[in-house]
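Remarks on the structure that follows.
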Amino acid sequence: MTEENSLRCGYVAIVGRPNVGKSTLLNHILGQKLAITSRKPQTTRHNMLGIKTEGDVQAIYVDTPGLHKQNDKALNRYMNKTASAALKDVDVVIFVVDRMRWTEEDQLVLDRLQYVQGPVLVAVNKADRLEDKVELLPHLQWLAQQLPNAEIVPISALHGHNLDTLERLVAGRLPQGEHFFPEDQITDRSSRFLAAELVREKIMRQLGAELPYQVTVEIEDFKQQGQVLHIHALILVEREGQKKIIIGEKGERIKRIGQEARQGMEVLFDSKVMLNLWVKVKGGWSDDERALHSLGYRDS
């Protein structure tokens, strides 16, 4: 076999309900933090590529928003449409499910998978938390009945358990072909996008259930000056009360958000970062398709 014929390359969609561990799985496969994570469902809002090149194999993972039943706002419709679109024209699908729990939103994903032509791998997450692995068998058997042609792999996205098996199965299902991206490229997203996502992650982690989903981040300025990367980020909310929550008493909360986001950016960009944050009220942005488009929520 020639060197050209030994190359494998393809797209791998990572799908599942919200908050099941898709972004954590991508980060562990890549060996670095790329996709933002939090305990809040629907943290991921956009499809994002995570590219892993290892020898002759280039796997292009597509991290997707969690498919969910809520469809009442333009933002929810955008996320569901984005996740569904990822199932088209990919070479492999990884369906991430919980080790025991099955919900209506898992079923929603399963229903979409009936139309997928390519191979499906079912990654059963948090399997390492069960002391007696026999408890897992009924769930694995049920999953095998639902997806009889799928390979089922118990994993831990957080701790990396059995991910080598999952990656090996992915590699064996990718088509032969030249690599689409340079060996050292790990994503298709810009540095501005990654910076905005880091700020949004810190907001979601700081506020937990205090703040609804109507918050987004826009990078207004991003430039390197000497050894320092200067970033100006605008945090958009829908109501004055939400603005006060983010700022916090005497500005303490937004200060913590800024400190944590800056630290993450310095690791990601390997540069000293000067980060400035502002909070602005933009009423109704999450249910305004034109506003969403202007904020970067565009169809793939």
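From the backbone N, Cα and C atoms, a Cβ is placed for every residue, glycine too.
Annotated GTP binding site per Swiss-Prot: 16-23, 63-67, 125-128, in sequence order. Packing around ASN19 (GTP binding site) is summarised by its Cβ count: 20 other Cβ atoms lie within 10 angstroms of its Cβ, all protein chains included. According to DSSP, ASN19 (GTP binding site) is assigned to coil rather than to any helix or strand.
According to Swiss-Prot, the domain 'Era-type G' annotation covers 8-176.
The domain 'KH type-2' feature in Swiss-Prot is assigned to 199-283; the stated evidence is sequence analysis.
Taking the region 'G1' (16-23) as a whole, pLDDT averages 90 in the prediction. Taken from Swiss-Prot, the feature region 'G1' applies to 16-23.
Residues or ranges marked as region 'G2' in Swiss-Prot: 42-46.
Residues annotated as region 'G3' in Swiss-Prot, with sequence analysis given as evidence: 63-66.
Per Swiss-Prot, the feature region 'G4' maps to 125-128. Helix, strand and coil counts under DSSP for the region 'G4' (125-128) come to 2 helix, 1 strand, 1 coil.
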What does DSSP call THR64 (GTP binding site) in the simple three-state scheme?
-> coil
